[in-house]
Amino acid sequence: MVQRMTFDAASYTAQLQDKVTRLRDLLAPFDAPEPQVFDSPLQNFRLRAEFRLWREGGERHYAMFSQDDKRTPILIEEFPIASLRINQLMPQLKAAWQASAALSHKLFQVEFLTTLAGDAMITLCYHRPLDEHWHTAANKLAADLNVSIIGRSKGKRDVIGRDYVVEKLDVGGRTFSYRQPEGAFTQPNGTVNQKMLNWAFEALGDRSDDLLELYCGNGNFTLPLATRVRKVLATEISKTSVNAALSNLDENAVDNVTLVRLSAEELTEALNEVRPFRRLHGIDLKSYEFGSVFVDPPRAGMDPDTCELTRRFENILYISCNPETLAANIAQLHDTHRITQCAMFDQFPWTHHMESGVLLTRR
């Protein structure tokens, strides 16, 4: 059965307060200040969406599955939490595949990626090779919808247009342009992401020393934070993200960043002079005067050695997608650093997930 997605907007404030209370309780043992709270739009905040396709009543529908029931599809006609652009594209794409066997044959998954700047890309995933009939239909679809189209089939990828979207975000009075590649991680809530960037920009402040950044991704935070310091050494392990970050640095004429493809654990070994790394050839780590470190780790948080590494710095600016691992990392650092600023970002409304940020300063 086709199901309309519903939610009670009036309950948003209560849900938001529950998250703030949870963060406050987790950080209470560390005498954290009251968190600044950055809310989200109630609808149309999510810039990307992924749907399986499900056949019912002789046609394919967008479908999702509950965490509690992976077998029973929830058929989707509209998706209010997704961006307006995604909601505009959903029926247009559905009409296109219904009218074209070349587009619909063995199509099993659709992914949308959009930006606040209005760019859009659609990825179509198939259980078959893509032939010239598909290319003809997909080229027309891309032109009709003014989007880029990615066709994926058994490890192969066909690109019509670009394999990335362009986002523009305003931070500290400047507009930064970001290339966001298909398949790479990007923050899903663009409005809240912009709030996070501005909070981090203000928390770091203007400094005359250098910044170490771990887990830099496509340069989401790197670009604005680089304007606050003398030099940045940034690390990222994903090759796709590294390439996007390099393009973004060039596009925005940010020339004081050195980017190396190392994991946080490997950089820890390099700084501790445990062993040399060929990927650091020509980079003099001793030339940096690090005063601050910025970390935005995965849900598991920082491993103990990386956490210990951050203790060396006067300031630790930490963005977290998991408040429990954030609290565990702070517990390791609490004897030398105290929380001077704290924030909660409602990146994921209508879920229990949240982003949080802290600035830790050496005692």
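In case you wondered, yes, glycine gets a Cβ from its N, Cα and C as well.
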Among ASP131, ASP144, ASP284, ASP296 - the residue Swiss-Prot places in the same S-adenosyl-L-methionine site as GLN187, TYR215, ASN220, GLU236:
ASP296
Rounded Cα separation (Å) that holds between CYS321 (active site, nucleophile) and ASN220 (S-adenosyl-L-methionine binding site):
15
State the count of C-beta atoms found within 10 angstroms of the C-beta of ASP296 (S-adenosyl-L-methionine binding site), not counting that atom itself.
21
Which ones in the same chain are close to GLN187 (S-adenosyl-L-methionine binding site), with CB under 8 Å and 6+ residues apart in sequence?
ASN193, MET196, ASN220, GLN347
Any idea of the Cα spread of the S-adenosyl-L-methionine site, GLN187, TYR215, ASN220, GLU236, ASP296, as a max distance in Å?
16
